[in-house]
Amino acid sequence: MIHGKMKRLKRYFTRALHRIQKGPGYTYKELLVWFCDNTNTHGPKRIIKEGPKKRVMWFILTLVFAGLVFWQWGVLILTYLSYGVSVSLSIGFKTMEFPAVTLCNANPFKYSRVKPLLKELDELVATALDRIQFSSQNQGNTFTHNNQTRQNVTLDPALWNHIPLVVIDETDPRNPIIHNIFDNNAVYSKNSSIRNSSEDQTSYSQRYKVAMKLCTNNNTQCVYRNFTSGVQALREWYLLQLSSIFSNVPLSGRIDMGFKAEDLILTCLFGGQPCSYRNFTHIYDADYGNCYIFNWGQEGENTMSSANPGADFGLKLVLDIEQGEYLPFLQTTAAARLILHQQRSFPFVKDLGIYAMPGTETSISVLVDQLEHMEAPYSSCTVNGSDIPVQNLYAEFNSSYSIQSCLRSCYQEEMVKTCKCAHYQYPLPNGSEYCTNMKHPDWVPCYYSLRDSVAIRENCISLCQQPCNDTHYKMVISMADWPSAGAEDWIFHVLSYEKDSSHNITVNRNGIVRLNIYFQEFNYRSISESEATNVVWLLSNLGGQFGFWMGGSVLCIIEFGEIIIDCMWITILKFLAWSRNRRQRRKRPQYSDPPPTVSELVEAHTNSGFQHDDGDHVPVDIPGTPPPNYDSLRVNTAEPVSSDEEN
């Protein structure tokens, strides 16, 4: 039975092979005529059935409309391949998770804790300020000593030699004069005043610039980084020195130097229920020191939700920033720094945070923007950052992916690769160490070179992609004085007692901050993307264009495909036949007669005159042989012939 099936299958494939080898059996012209006569498209039928003039007209119309169809098809296909999206927006109110709230003091360390560590640096900055006097009464004697304060101060070269602070005198632009502020041998006198009383501030700022001298390769290559303000230059220089100093301090030591949660957070209330600093999670920020997160939602923590709008159903806090503990040369702003962010995401307070001013009540109403992007190929977003070729240095905090964490991690990788050390403000990669002036004397010029590099910035931006699902918090902020003049005495007494159980007033208007954070009447706005085009849209529009211009359908396309296949089939068979004939012509011998023998060749060479010309030879007809005429071959006996003798 199996053998019979195999034989039938073999015969079927043999017949199919013969049909393929034979081809459709038509010429190109016959196929085209058949197509025009049998297709469901209207135009081609007119080409073969109308008169000569109408044939030309219908032929032109058919070509024009066919061109329009193919053009529209191209536009539709390109639109589909562009993977466009449509955006939908919905606004409303519902019970939602309350955002995570990160609180920091704008000043990272208590001055009483770090004063011994920064004593020499602060004296250095104070001396530099005396040598750069910005006093309107003194008319800007920039290089004059203050004879009553630090005229005889000698600066320690070990602290400042790595990054000298200078003033550039550009009175003569072709020959600028550079004055080193920290040069102990320089002459500073009132006679060397760089600004006269008749000069205005604009002329002064254009002629004299405070700059940092950045040198590499053992001070053989130096550049000057200019600043428009001496205050800005000193603060930038102070931050660099501070980074180098605290890079040698372990994390536990830096945490002890900062503000404790019980000192920063005085009162807490959420949804009308009391809370305390114990409901906050500690995190260390390189810029603001100890920070505390409410409702972060890490593993094992329950997230809090809010079901009603208004301040009574939100978070209420009273903070004490202890402005008396501020570092004099580090932070020029007195405030609390806060940021609202998504649960389990790292708070980038410096980049995205806002300030809350002391002596005020700051109310923040929140609107949640939920963004949903389409994945590839509709966008280049990433789901969880696993496909990003940048190591997430913030993964140690068990936080989700964000574009800020990616950009900072990318910059830190470039810093380690180029400068051979890591920057103090970013997490430390494995196998690297933070930059210090003693171990890495060239790190500051390298750091500025990377920070100012457009190529590095664009490279990191191209590597880091936005998350497909993200949440942003739109805030409306209002402020009022708090407490009022009539209530401040008893409020400060109560807060001071609750803070340290003392009847002495330790809390005052310069350090107190009150915060109200709550949802608006409409607390969420969902912005989601969906595909603007799909396969159904593409097929529908392709068919619509074809039906409108040509009056055809999918069957017409199949018929056209059939005629194309038949034409290709005929072409292939013709090519194979041509190739076969060409091979046979190559195999055919050049001479039709058999080659001559050796004796014939010798005779033709010795007596060529006897050789006859085959072309002149006329063949002799061979006479035909008549058929035999025997009586024995006859079937019937022949009649006797009478002779004359008998007659």
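Just so it is clear, glycine is given a Cβ too, placed from its N, Cα and C backbone atoms.
It should be emphasised that the depicted structure is a prediction, and the values quoted were computed from it without experimental measurement.
Positions annotated as disulfide bond by Swiss-Prot: C104-C291, C215-C222, C268-C275, C381-C468, C406-C464, C410-C460, C419-C446, C421-C435. The annotation region 'Disordered' is assigned in Swiss-Prot to 586-647. As annotated by Swiss-Prot, topological domain 'Cytoplasmic' applies to 1-57, 574-647, with the evidence given as similarity to another entry. If you look up Swiss-Prot, you'll see 79-552 marked as topological domain 'Extracellular', on the strength of similarity to another entry. According to Swiss-Prot, the feature transmembrane segment maps to 58-78, 553-573, an assignment based on sequence analysis.
Of all the disulfide-bonded residues listed (C222, C419), C222 has the fewest other CB atoms within 10 A of its CB. When Cα-Cα distances from C464 (disulfide bond) are compared across the disulfide-bonded residues C215, C222, C419, the shortest belongs to C419. Considering other CB atoms within 10 Å as the measure, the emptiest surroundings among the disulfide-bonded residues C435, C464 are those of C464.
Using CA atoms as reference points, the disulfide-bonded residues C222, C275, C291, C460 were checked against C435 (disulfide bond), and the closest is C222. For C419 (disulfide bond), the spatially nearest entry among the disulfide-bonded residues C222, C406, C410 is C410, judged by CA separation.
C381 (disulfide bond) sits 31 Å from C104 (disulfide bond), counting Cα to Cα.
In the three-state DSSP scheme, C446 (disulfide bond) falls into the helix class.
Restricting the average to the topological domain 'Cytoplasmic' (574-647) gives a pLDDT of 61. Most buried of the disulfide-bonded residues C381, C410, judged by other Cβ atoms within 10 Å, is C410. Sequence-distant neighbours of C468 (disulfide bond) (same chain, 6+ residues apart, CB-CB distance under 8 A): E372, H373, M374, E375, S379, C381, T382, V383. Closest in space to C104 (disulfide bond), of the disulfide-bonded residues given as C222, C268, C410, C446, C460, is C268, taking the CA atom of each residue. For the disulfide-bonded residues C215, C268, C406, C446, the greatest number of Cβ atoms within 10 Å around a candidate Cβ is found at C406. Under DSSP, C381 (disulfide bond) is assigned to coil, being neither helix nor strand in the three-state scheme. Rounded to a whole number, the C-alpha distance linking C215 (disulfide bond) with C446 (disulfide bond) is 10 angstrom.
Applying an 8 A CB threshold to same-chain residues 6+ apart, the list for C291 (disulfide bond) reads T102, L103, C104, H282, I283, Y284, D285, P347, V349. If you measure from the Cα atom of C275 (disulfide bond) to that of C406 (disulfide bond), you get 34 Å.
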